[in-house]
Amino acid sequence: MKVLPASGLAVFLIMALKFSTAAPSLVAASPRTWRNNYRLAQAYLDKYYTNKEGHQIGEMVARGSNSMIRKIKELQAFFGLQVTGKLDQTTMNVIKKPRCGVPDVANYRLFPGEPKWKKNTLTYRISKYTPSMSSVEVDKAVEMALQAWSSAVPLSFVRINSGEADIMISFENGDHGDSYPFDGPRGTLAHAFAPGEGLGGDTHFDNAEKWTMGTNGFNLFTVAAHEFGHALGLAHSTDPSALMYPTYKYKNPYGFHLPKDDVKGIQALYGPRKVFLGKPTLPHAPHHKPSIPDLCDSSSSFDAVTMLGKELLLFKDRIFWRRQVHLRTGIRPSTITSSFPQLMSNVDAAYEVAERGTAYFFKGPHYWITRGFQMQGPPRTIYDFGFPRHVQQIDAAVYLREPQKTLFFVGDEYYSYDERKRKMEKDYPKNTEEEFSGVNGQIDAAVELNGYIYFFSGPKTYKYDTEKEDVVSVVKSSSWIGC
């Protein structure tokens, strides 16, 4: 891992080139394809393998082919390719990959010394948001990206909501006043300035891009974490597994740990984070497991309830209970992290579509898909379902098998989602108490069993008959786990 060779206003960019990732061999390519690839290579090498004070794009040919061959060899060596000096297919594939725009050679020497922050507590402020994501999602992505670095070094990040912060974060369009204009979708994704006064540390994202916390677009956590590495003083790494490797590669925000190479680099600047051990403890002290909530208390409630295969799962805080529907024995608690490590804790809502063999777990503005207890890919945004942007989380969800529709409860209202059409139905949301006679209070969880909908609201569970359209019985929620 390299640290930046100079302090001051060195700017860095992440780029997604406007070309496909596959490239034919230049030897076998048509004249037009050859010319296009050659121009692309010229532009790439001029941008990433030429001093900033040197020639601009388009001057490389006039300087002779030897200069270009040297730069091709530099590129091949950096990425661990066979060093031939030729624009072969493997080299062109690298050139066409989305990447960070900071050069792979040391170009920025505005001030002597390695740029780093001279204090351990840094402030940050998000001054402008993107329409691609909710403000809650953006806040979370930024927070997690900064935590990735603070976990390794003695730096703390404090968010402020007004005034000038050390790291100013914003989503900008086109020319936004820092001499590094954005160029629209799939061009430059973001840029950040090295530690220092003024623009130092500031990080800008192209507002024209589709930002996401998943994979359907550019993952904000991935780009932000990489850019914050530059904002803290790191240059690129030649280790393909490193966060600071030049090319864009999705990183799952949940459970992310800073790779070893990045840890070495950031600790070279700031030193390791010291762990306060506190008072000595007795040898072999037992590990304290999360306490199991006392759901036999008269005021107990559940966060989420769903079927998963042949079992009924009931969630509360960091614990969930597994039971057979028709048995009151063998009910056992488990920690959420032991079976669903990506969820970590506190599930807001859950439901299963048995015909597909998939279940959906909701937490804040995100949801996860499972097959049994196996997670299927990274988290996705709840706005995939068609929720309006003011909806920040789901309180409860229940899948109705006969109409193949899922009801989502938010506050005192509910939405209806058509699972066959994969589309939110019109004329929703509707008031829950007006539509479900006898059900009172906000819905915490819901599940359909044997033609009945069971609504969990605080310490009560309402058994709702869909044919009679009325509640037929009310029991204590705690009775579901044998209390």
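Positions of Cβ are set from backbone N, Cα and C atoms, glycine also.
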Matching range for Swiss-Prot feature annotation, motif 'Cysteine switch', among 98-105, 378-385, 402-409: 98-105
Residue counts (helix, strand, coil, in that order) that DSSP gives for the repeat 'Hemopexin 3' (391-439): 4 helix, 21 strand, 24 coil
Candidate nearest G198 (Ca(2+) 1 binding site) in space, where candidates are the recorded positions D178, G184, H204, H226, C483 and distance is Cα-Cα: D178
Averaged pLDDT, computed only over the residues in the repeat 'Hemopexin 1' (293-343): 81
Candidate with sparsest Cβ neighbourhood (10 Å radius) among R186, H204, the listed binding-site residues: R186
Which same-chain residues, if any, lie at least 6 apart from D166 (Ca(2+) 1 binding site) yet have Cβ under 8 Å of it: W117, L122, T123, Y124, G200, G201
